[in-house]
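What follows is a short report on a single structure.
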Amino acid sequence: EFEEARKWVVNDLVFDKNVDVNLFESTIRILGGLLSTYHLSGDSLFLEKAKDIGNRLMPAFKTPSKIPYSDVNIGRGTAHPPRWTSDSTVAEVTSIQLEFRELSRLTGDEKFQKAVDEVMKHVHTLSGKNDGLVPMFINTNSGQFTHLGVYTLGARADSYYEYLLKQWIQGGKKENELLEDYMRAIEGVKKHLLQRSQPKKLTFVGELAHGHFSAKMDHLVCFLPGTLALGAHNGLTADHMKLAEALIETCYQMYAQVETGLSPEIVHFNLHAQKGHKDVEIKPADRHNLLRPETVESLFYMYRFTGDKKYQDWGWEILQNFNKYTRVPTGGYTSINNVQNPSNPEPRDKMESFFLGETLKYMFLLFSDDIDLINLDKYVFNTEAHPLPIWVPA
Ligand code: DMJ
């Protein structure tokens, strides 16, 4: 299968195309995937392709503030923000660093690393944060945060926090500003976003909008227990591990308390006990499941670091439910519209690439006891589950 895929890369993976792509998605999926494949196979073909796409994405950084635009035309070498705004998403501009830094290290060409390091340095000094928590948008002209006052660990901010820790690990734990920003942010989460639900007293991460707390949590936030556990494994405070243990239980309950045993895209937690109510409430617009990886990803980290078999059991349960409700008899899996209806979950006929790239890969790793199957002291996973080497392994 690998040889077949390699042939496709040789013959059909051509980037000289007049097409607009999203900088972040192309970096984490295509550039990250190629770099990772280069490391795992040693085949220079993949590095050549990585260089090609890396160069084609660089025009995104030609902005007045050097905060990249969201979209690049990889054939024409032009870049622009989305049609309706000159803002970029904070998570997007701060979650391309692992890949571009690695590309510089491998090619000896500093320009990739310089461009992404500059973004991090700029964001480090920026005002508008709330105890280390960042807003969701940043303007490509002024370089300032916009839509101030809204803080989430979910969509549009999530992987900012993940990449602070992972860049610090990638670079051999020397870049103190990254660690400072990460530690401050986790304190910010504890101070502003953590609450406990009723009746099970599950610890969850909500959102803050102009001083008002909302008990809303995206499934995307479930990357956090895994990231906290990874930090604790790398010598950060044991408190982070305690929080990881509480949060992964919550993420599991986001599956277990639902009729199909699959999590919706977004849940709201009950803050007050009411007879007959569970912790997790689901709004009609939020009851789809896109085969997302975050909970399984965190289960993998938790199992690797604790050896507690309950994490494997929870992952196995989730896999059975993916098989039951999302598997397509003629091949593949699909997103579904309604996790609350076991008799008709409403298949969408769409399988996101992260189901293969992340969800199944993390399942595979979760069910293995071999710590050398991607040793976490030698590799760091990018946010699309592509392992990249740690520059100075422990
Ligand atoms: C993936 O593309 C990445 O994990 C990203 O950081 C968040 N969204 C999807 C998976 O849910």
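Just so it is clear, glycine is given a Cβ too, placed from its N, Cα and C backbone atoms.
As recorded in TrEMBL, the features of this protein are as follows:
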type	residues	note
ACT_SITE	Glu25	active site, proton donor
ACT_SITE	Asp158	active site
DISULFID	Cys222-Cys251	disulfide bond
ACT_SITE	Glu265	active site, proton donor
ACT_SITE	Glu294	active site
BINDING	Thr383	Ca(2+) binding site
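Within the set of recorded positions Asp158, Cys251, Glu265, Glu294, Thr383, the entry lying nearest in space to Glu25 (active site, proton donor) is Thr383 (CA atoms).
Screening the recorded positions Glu25, Cys222, Thr383 for a C-beta under 6 A from any atom of ligand 1 leaves Thr383.
Cα of Cys251 (disulfide bond) to Cα of Glu265 (active site, proton donor): a distance of 12 Å.
Across the structure, Thr383 (Ca(2+) binding site) and Cys222 (disulfide bond) place their CA atoms 13 angstrom apart. Taking CA atoms as the reference points, Glu294 (active site) and Glu265 (active site, proton donor) are 11 Å apart.
Long-range Cβ neighbours of Asp158 (active site) (same chain, at least 6 residues apart, Cβ-Cβ under 8 Å): Ala91, Thr152, Asp218, Leu220, Val221, Phe223.
Taking the C-alpha positions, the distance from Cys222 (disulfide bond) to Glu265 (active site, proton donor) comes to 11 Å. The number of other Cβ atoms within 10 Å of the Cβ belonging to Glu25 (active site, proton donor), over all protein chains shown, comes to 14. Glu265 (active site, proton donor) carries neither a helix nor a strand DSSP state and counts as coil. The candidate set comprises the active-site residues Glu265, Glu294. Of these, Glu294 has the most other Cβ atoms within 10 Å.
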